[in-house]
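Since the structure comes first, as structure tokens, the remarks are kept for the end.
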Amino acid sequence: MELTTRTLPTRKHIALVAHDHCKQMLMNWVERHQPLLEKHVLYATGTTGNLIQRATGMDVNAMLSGPMGGDQQVGALISEGKIDVLIFFWDPLNAVPHDPDVKALLRLATVWNIPVATNVSTADFIIQSPHFNDAVDILIPDYARYLAERLK
């Protein structure tokens, strides 16, 4: 597939997602990094987003809860180029009923080449990166070319 460039803006659109057993870990991470996160636009799946809003007072665009379609909503936003970073603390030790949605979300984040953190260490690396508040070019699939080829 041909690639093109997309610029992640200085004010990032960040999706925050956490499975039930990981919600407190994400809450602690968000509270620790609140001064940095407040400069960006936040999205989250339903329960996680409401917990973050309640604990921090930050504005969060809350989707549906993950099992009710929230993971798919976040994935759609990634596909549309509306999410720049995904922080997704998932539980590798417990299966969830919406495991296919989880896999699809991670697949879309990989396809569209956005930074993804699935644990605290990686999330810290991303948010502490000297490029976190910079505009950054990333390579993404050139969908226009892809579609043109398919329609020949």
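FYI, residue positions are counted from 1 along the chain as it appears here.
Cβ from N, Cα, C; glycine included.
For the substrate site that Swiss-Prot gives as His19, Lys23, Thr45, Gly46, Thr47, Thr48, Ser65, Gly66, the extra residue drawn from His98, His131 is His98. Taking H, G and I as helix, E and B as strand and the rest as coil, DSSP gives the domain 'MGS-like' (6-152) the counts 70 helix, 28 strand, 49 coil. Using a 10 Å radius centred on the Cβ of Ser65 (substrate binding site) and all shown protein chains, the other Cβ atoms total 16. Other than the site residues His19, Lys23, Thr45, Gly46, Thr47, Thr48, Ser65, Gly66, His98, same-chain residues with C-beta atoms no more than 8 angstroms from the centre of those residues' C-beta atoms, the substrate site, are Val17, Ala18, Asp20, Ala44, Pro67, Gly70, Asp71. Counting every protein chain shown, 29 other Cβ atoms lie within 10 Å of the Cβ of Asp71 (active site, proton donor/acceptor). Confidence across the domain 'MGS-like' (6-152), taken as the mean pLDDT and rounded to a whole number, stands at 96.
Counted over all residue pairs in His19, Lys23, Thr45, Gly46, Thr47, Thr48, Ser65, Gly66, His98, the record's binders of substrate, the longest Cα to Cα distance measures 17 angstrom.
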